[in-house]
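Straight from Swiss-Prot, the features:
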SIGNAL    1-17  signal peptide
DOMAIN    25-260  domain 'Peptidase S1'
DISULFID  31-175  disulfide bond
DISULFID  50-66  disulfide bond
CARBOHYD  69  N-linked glycosylation site
CARBOHYD  105  N-linked glycosylation site
DISULFID  154-221  disulfide bond
CARBOHYD  185  N-linked glycosylation site
DISULFID  186-200  disulfide bond
DISULFID  211-236  disulfide bond
């Protein structure tokens, strides 16, 4: 059985990807080859579920809402530009253990009731079973050391849906430029809480956004990793409804401590 699962994961042929719960590029463009070498494709068994970010050869950061359950077998692909094609640059690694943030409310994963919710602390660390090889196509990115600046131009990337109203996944990794906005711009359009551990980013005129399947992927502002995709509007890219990203400067200590305690 495990051989079959591995074969399916390695071949990437006919993967029936489905958007994860509340997963969140619309209006973007094909990323330049190997321009996002820290971008990771996260799978549960042979199903693509989320994006991720390589922090060092042993650790990947993604969103907590990408969590399945305690017995889920995660694996990742690094160094990929095309999700459904074999590439010489690609590396496959199994995940030995997952670490969702302890303060993320896991009951949200099974709660579809339309009422105000707090989706704070939406991040999860994945410990790789063996280190990634650092190459031109696979490189880690550092955590932020200072607050992001409002108005910054940010780059989000992912293999999420490229259409706002239906699940249409691309083969090529997509990039989109969006603006870092005051959190107040995200409080009005949403029922859910927007807290100080979140970032608000997008285009107030709409049309550019992360979307279903982009969750856990990086938000890089002024060349610095400042967030990972968390949640946003339905449909994606709505005017006056920017998306929400986990604010990583608020979690740098937890990330570093977790990695240090689990070498």
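Even glycines carry a Cβ here, placed using N, Cα and C.
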Alpha-carbon spacing, residue 221 (disulfide bond) to residue 175 (disulfide bond), which is rounded to whole Å:
13
Counting across all protein chains shown, how many other Cβ atoms sit within 10 Å of the Cβ of residue 66 (disulfide bond)?
27
On a C-alpha basis, identify the one among 66, 105, 236 that is nearest to residue 185 (N-linked glycosylation site); the candidates are the recorded positions.
236
Looking only at C-alpha atoms, tell me how far residue 69 (N-linked glycosylation site) is from residue 175 (disulfide bond), rounded to the nearest Å.
30
Measuring CB to CB from residue 175 (disulfide bond), give everything in the same chain under 8 Å that is also at least six residues away in sequence.
25, 28, 29, 30, 31, 35, 36, 155, 156, 157
I'd like to know which of these glycosylation sites, 69, 105, 185, is least surrounded, judged by other CB atoms within 10 A.
69
If I take the alpha carbons of residue 186 (disulfide bond) and residue 154 (disulfide bond), what is the distance between them in whole Å?
16
Using a Cβ cut-off under 8 Å and a sequence separation of 6 or more, which residues in the same chain sit near residue 154 (disulfide bond)?
177, 178, 179, 180, 201, 219, 220, 221, 222, 226, 227
On a simple 10 Å Cβ count over all chains shown, which one of the disulfide-bonded residues 50, 186, 236 is most densely packed?
50
Using DSSP with the three-state reduction, classify residue 211 (disulfide bond) as helix, strand or coil.
coil
Residue among recorded positions 105, 200, 211, 236 with Cα closest to the Cα of residue 50 (disulfide bond):
211
Between 31, 211, 221, which of the disulfide-bonded residues has its C-beta surrounded by the fewest other C-beta atoms within 10 Å?
31
